[in-house]
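Trainee: Pasting a structure below so you can have a look.
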């Protein structure tokens, strides 16, 4: 990792609460209350045109400040995972190992925001799938599927597609295996994105989830919707209720 000779603090100084350097700490403080970024885990990154703003590694997310944020140019990055060029680096922290995974969402999906959580519900869902508790049993350990739940409407139909999923649609989220070092997940996350071109998220077994969106609003609401569905799925499993059901659409007078 290398950084520019000037610290470029002007990139993170703004009175605008919606500036990425202010928004990331604000979002992470909210995520901390939800248990998504406990113990310095998890993170968030926002892309504004070519500039990418990233929460650092090892910081208590509920205490993070704008001055803690890294900034890089997306166009200036190389294929190497370990040779990042930063426009602005805080003096007291290390770059997040999530960085190449965030960049994958920005380059492959043109996302405006990517959120990484260590949600317990996300982890539990991957464990249920690992134990053969998914709709397809042990053969289905690498995909979370659920349908006929209202909150599914919170997700877009897919990359470069207009509109959202419907109540009767099936939401599919790929699952990849965890690695000892976070940055080593990158190739597997990219493979999952290629295999599931319409997904807005990738689960990491025994670890958490990466969720992205066209902008901060969409990434945040999709992350919230997904966590709701993960919790619901765990509770449904306790009651032996299936995640995939065959429900006949209700006919209305205007149908």
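In case you wondered, yes, glycine gets a Cβ from its N, Cα and C as well.
From Swiss-Prot, here are the annotated features:
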type	residues	note
ACT_SITE	150	active site, proton donor/acceptor
BINDING	98	substrate binding site
BINDING	116, 118, 207	Zn(2+) binding site
Trainee: Inside 10 Å of the Cβ of residue 98 (substrate binding site), count up the other Cβ atoms and send me the figure.
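Mentor: Step by step: centre on the Cβ of residue 98 (substrate binding site), count other Cβ atoms within 10 Å, giving 24.
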Trainee: When DSSP is mapped onto helix/strand/coil, what comes out for residue 150 (active site, proton donor/acceptor)?
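Mentor: Residue 150 (active site, proton donor/acceptor) sits in a helix per DSSP.
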Trainee: Is any of the recorded positions 116, 118, 150, 207 within 10 Å of residue 98 (substrate binding site) (Cα-Cα), and if so, which, in sequence order?
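Mentor: Matched recorded positions: 116, sequence order.
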Trainee: Translate the DSSP assignment of residue 116 (Zn(2+) binding site) into the three-state scheme.
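Mentor: In three-state terms, residue 116 (Zn(2+) binding site) counts as strand.
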Trainee: List the residues of the same chain that sit at least 6 positions away from residue 118 (Zn(2+) binding site) in sequence and have their Cβ under 8 Å from its Cβ, in sequence order, or write 'none'.
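Mentor: Those within reach of residue 118 (Zn(2+) binding site), by Cβ under 8 Å and sequence separation of 6 or more, are 36, 37, 38, 41, 42, 207, 208.
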Trainee: Rank the binding-site residues 116, 207 by how many other Cβ atoms lie within 10 Å of each Cβ and give me the one with the fewest.
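Mentor: So among 116, 207, the binding-site residues given, the one with the fewest Cβ atoms within 10 Å is 207.
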Trainee: I need the neighbours of the Zn(2+) site defined by 116, 118, 207. Which other residues of that chain put their C-beta within 8 angstroms of the C-beta centroid, in sequence order?
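Mentor: Filtered neighbour residues, in order: 41, 42, 117, 119, 122, 204, 208, 209, 210.
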